[in-house]
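Trainee: What TrEMBL records for 9-243 is domain 'Nucleoside phosphorylase'. Per TrEMBL, the feature phosphate binding site maps to T16, R58, H59, T192. The feature site 'Important for substrate specificity' is assigned by TrEMBL to E173, M227. Residues annotated as substrate binding site in TrEMBL: M191, N215, R216, A217.
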Amino acid sequence: MGVNNQVAPVGIIGGTGLTTLSGLEITGERVVDTPWGEPSSVLVDGLLGDQPVVFLSRHGNPHRIPPHQVNYRANLHALQQAGVRTVVGVNAVGGIHADMGPAHIVIPDQIIDYTWGRASTFFEGELEETTHIDFTFPYSELARALLIDAARTVGCSFSDFGVYGATQGPRLETAAEVRRLERDGCDLVGMTGMPEAALAAELKMNYVCLALVVNRAAGKSDHIITMTEIEVAIDQGMSGVKRILEIAIGGLGALTPQPS
Ligand SMILES: CSC[C@H]1O[C@H](OP(=O)(O)O)[C@H](O)[C@@H]1O
Ligand code: HPA
């Protein structure tokens, strides 16, 4: 994996708080279908600066698809068909690590999957051979480096590491569940990180997560979690997420696909 001069569109999957991407100069919208069903939203084609982008809203637009019912396979397949080689998954998360409070941005380096019952692989049905992809490093290190450099330039509060614990949802966790996640080594908790990351890897796409902490995880503050505090953190932090994307996007577009 490296960089080249051929520009491919970058896929951005927007999550909670990023149903549309302001700043994207929209050039078109496509309703697409895939062998795995319909993606969550239309594909929005546009330019972020000079860089072609394909934007997809993970929970639909308006936000209506809960995390356990997102058709992750259709979303990733649709982006691949659109020529995307690199995908940025933007995620709202709960912070477990003490330094990861509301409006903090995290570019995680690892993930633990606690989800169940989701369609989590393209390798099923009548196959010619069994395939086991390597998933040691679930996020593209080159893409992470670009986001980390961009976050430094923005000067926002961010962490360049973090283990994302992907829970089933749609309910939030109990305090004891969060303590277990912490013992397991999770720094963040969200509901959509998997199988999105693994499906991108199966398609040999570069995948990276750009996470915005929108609340302290259950039991990690002196109050229960409210949608109001989440909305406040989104208002405070999403502008930083967008600035990071704007700065990193050209470099992300130049990344080549993962080697076979
Ligand atoms: C209380 S908000 C929970 C909701 O937000 C996150 O979505 P996304 O990762 O798409 O930004 C989380 O995973 C849940 O789906
Ligand atoms: O606390 C949380 N838990 C799971 N997913 C989340 N998405 C935002 N906050 C959270």
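From the backbone N, Cα and C atoms, a Cβ is placed for every residue, glycine too.
Surface or core, plus neighbours and distances: that's what I need for these features.
Mentor: Long-range C-beta contacts of H59 (phosphate binding site), restricted to its own chain and to partners at least six residues apart, with a cutoff below 8 Å, comprise G15, T16, T19, S40, I65, P66, P67, V70. According to DSSP, H59 (phosphate binding site) is assigned to coil rather than to any helix or strand.
All protein chains considered, the CB of E173 (site 'Important for substrate specificity') has 23 other CB atoms within 10 Å.
Cβ neighbour count for R216 (substrate binding site): 22 (other Cβ atoms within 10 Å of its Cβ, all protein chains included).
Here M227 (site 'Important for substrate specificity') comes close to no residue that lies at least six apart in sequence on the same chain with a C-beta under 8 angstroms from its C-beta.
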Trainee: Restricting to the chain of N215 (substrate binding site) and a gap of 6 or more, list residues whose Cβ falls under 8 Å of its Cβ, or answer none.
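Mentor: Result: G94, G95, P102, S221, I225, E229, I230, A233.
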Trainee: What does DSSP say about E173 (site 'Important for substrate specificity'): helix, strand or coil?
Mentor: coil
Trainee: Per-residue pLDDT averaged over the domain 'Nucleoside phosphorylase' (9-243) comes to what?
Mentor: 97
Trainee: Which whole-number value in Å describes the distance between the Cα atoms of E173 (site 'Important for substrate specificity') and R58 (phosphate binding site)?
Mentor: 21
